[in-house]
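*Asks:* After the structure tokens below, expect a handful of questions from me.
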Amino acid sequence: MNNSKCAITHKRRRPTRIIRCIYVVGFMDLFGVSMIIPLLSHHVKSLGASPTVAGIVGSTYGVLQLFSSTVVGSWSDVVGRRYSLLTCLLLSAFGYSLQGLSTSISLFVLARIPVGLFKHSLSICRALLSDLVSEKERPLVMGHFNAASSVGFILGPVVGGYLTEHEGGFYLSSFVCAAIFLLNAGLVWMLPWSETLNHCVDANANSKTKPSKSYNEIKNSVQQNCSDKNHIRHPNASAVRSQTNGGWGWRDMSVVQPAWRQLTSVWIQIRMVASSDMWDVFLVHLLMAVSIMLYYSNFSLAMEERFQLKPKVTGYLISYSSMLGALAGCFVGPVTHLYGNNMSALLLHSTALTCTLIFLYATAPNVWQVLLTSTFFAISTTIGRTCITDLELQRGGAQASGTLIGVGQSVTAVGRVLAPLLSCLAQEVSPCGPPSLGVVLGLVAVGLLFVRTPKWDSKTKVKDKSPKQ
């Protein structure tokens with residue numbers, strides 16, 4: 001009876017306001033970015049860059065993301081979601097405004113550096129969401145966040161294309177994007193952060209398990225454990241009361257600790273994840289990321305060569321698939337509930353379905369089969385991305401959610417580096433070469449899941465039984 005009352009109380013105090021605000025942050029983030037992405041290559045060429053230089057400049061962002069994703073994600077675990085998110089948004093806004101002033105190749109490359117290093121706001125938002133909800137609610141909330149972000153990615157190119165029609169359209173789009181990131185920073189500053197504290201105190205009061213342990217220190221009291229879970233340190237009771245009342249003081253944050261201590265904590269976080277037995281999850285993540293990128297790598301060219309489709313029709317097909325992917329994010333929660341929150345089984349099935357759909361696309365005799373495969377492909381990839389993120393968080397633990405999501409982003413960045421190279425080599429053989437290679441990589445991922453899923457399930461069962469003993 002008492003347990004049911006505690007559950008009702010915990011459910012009543014779920015921080016829904018801050019979660020909805022994070023959805024808005026995700027929508028605005030990708031809305032601003034997608035205004036710029038389609039215009040980058042054209043702008044670089046207009047500055048007089050050769051195709052080789054344009055390719056090198058374009059890869060700068062991916063290389064920086066590869067090395068900075070894990071570090072920034074771990075840093076958000078150390079200094080706090082609020083401070084790290086504000087820092088990333090403000091420095092990204094600075095990079096996009098500098099990009100709006102880029103009248104030469106060197107200035108453009110300089111503008112891409114802060115964006116490549118600190119454009120991790122979506123990763124920190126996902127880590128914050130994982131802090132705020134339970135493990136069973138996480139797929140539902142992550143799916144809604146991905147859906148909101150995808151809607152922004154669909155609408156952004158429309159606005160960017162409209163602004164480009166005016167004189168100096170690229171520069172105007174860059175400044176609008178910078179303004180959006182500044183607006184996002186203001187929204188993050190005004191978020192109801194007191195909800196995170198109240199939610200955590202509620203969770204600790206209703207929990208029979210021991211308080212969670214961070215990698216750098218152990219919090220024994222409920223208030224100290226709460227500050228660790230939400231990554232906000234309170235040196236005294238007055239600081240806790242100011243947080244509960246919605247106040248905020250910069251001195252209450254762990255960012256005031258010396259830089260060497262922050263770097264040490266970040267290094268410990270990364271080392272613990274690197275030494276953990278999670279290579280299989282990240283390998284599946286890499287294989288499927290490259291496989292999906294190979295599917296999209298020469299999509300427009302393949303449609304033109306295989307079915308004589310005009311680029312305009314191909315664009316409609318891509319937009320249709322993107323809209324379905326956004327809608328699919330809203331159905332991730334019900335699907336995971338149908339599977340009883342067995343994410344490993346759901347990941348196996350979604351990966352097998354994705355692999356099958358890529359094969360059907362590669363062997364499609366007509367456009368209608370491509371349309372059918374694109375419909376289900378958007379749904380299966382959306383579910384698969386949510387599954388792999390949730391499984392990484394399950395295996396790694398909630399204390400390092402920022403580090404784990406950052407490592408996942410680094411794995412995706414590796415895929416962005418490998419996919420274009422593999423696509424060029426496979427396309428020398430046939431227009432269907434890239435998706436055919438994607439099928440092979442997908443089959444390797446399915447085989448790995450068949451071998452490793454029983455071990456994951458056995459570890460999960462042991463983990464679920466341990467608190468009851």
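Any Cβ shown, glycine's included, is placed from N, Cα and C.
Under the heading domain 'Major facilitator superfamily (MFS) profile', TrEMBL lists 18-459. According to TrEMBL, the transmembrane segment annotation covers 21-41, 53-76, 83-99, 141-163, 169-191, 278-297, 317-339, 400-422, 434-451.
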*Asks:* Can you tell me which parts of the same chain pack against the transmembrane segment (21-41), counting only residues 6+ beyond its ends and a CB-CB cutoff under 8 A?
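*Replies:* Residues 54, 58, 96, 99, 119, 121-122, 125, 128-129, 144-146, 148-157, 159-161, 163-164, 169-170, 173-174, 176-177, 180-181, 183-184, 187-188, 191-192 contact the transmembrane segment (21-41) from elsewhere in the chain.
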*Asks:* Do any residues, 6 or more residues outside the transmembrane segment (278-297), come within under 8 Å Cβ-to-Cβ of it, and if so which ones?
*Replies:* 347, 351, 354-355, 358, 361, 377, 381, 384, 388, 391-392, 395-396, 407-408, 411-412, 414-416, 418-420, 422-423, 426, 434-435, 437-439, 441-442, 444-445, 448-449, 452
*Asks:* By Cβ distance under 8 Å, which residues at least 6 away from the ends of the transmembrane segment (83-99) in the same chain are close to it?
*Replies:* 32, 36, 72, 75-76, 107-108, 110-115, 117-121, 124-125, 128, 174-175, 177-179, 181-182, 184-185, 188-189, 253, 255, 402
*Asks:* Are there residues at least 6 beyond the ends of the transmembrane segment (141-163) whose Cβ is under 8 Å from a Cβ of it, and what are they?
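*Replies:* For the transmembrane segment (141-163), the far contacts come to 19, 22-24, 26-39, 122, 125-126, 129-130, 132-133, 169, 172-173, 176, 319, 322-323, 325-333, 382, 385-386, 389-390.
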*Asks:* Just to confirm my parser: what is the rounded mean pLDDT across the domain 'Major facilitator superfamily (MFS) profile' (18-459)?
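*Replies:* It averages 80.
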*Asks:* Same chain only, please: residues at least 6 beyond the ends of the transmembrane segment (169-191) with a C-beta under 8 Å from a C-beta of the stretch. Say none if there are none.
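*Replies:* Counting only partners 6 or more residues beyond its ends, the transmembrane segment (169-191) has Cβ contacts under 8 Å with 18, 21-22, 24-25, 28-29, 31-33, 35-36, 39, 42-43, 82, 85-86, 89-90, 92-94, 96-97, 99-101, 121, 159-160, 163.
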*Asks:* Could you give the residue numbers and ranges of same-chain residues that sit at least 6 residues beyond the transmembrane segment (400-422) on either side and whose C-beta is under 8 angstroms from one of its C-beta atoms?
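*Replies:* Tertiary neighbours of the transmembrane segment (400-422) are 59, 62-63, 65-67, 69-77, 81, 84, 120, 123-124, 126-127, 130-131, 215, 269-270, 272-273, 282, 285-286, 289-290, 293-294, 297, 388-389, 392-393, 434, 437.
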*Asks:* Please give the sequence-distant neighbours of the transmembrane segment (53-76): residues at least 6 beyond its ends with Cβ less than 8 Å from one of its Cβ atoms.
*Replies:* 40-41, 44-45, 84-85, 88, 105, 108-109, 112-113, 115-120, 123-124, 127, 231, 262, 265-266, 269-270, 400, 402-407, 409-410, 413-414, 416-417
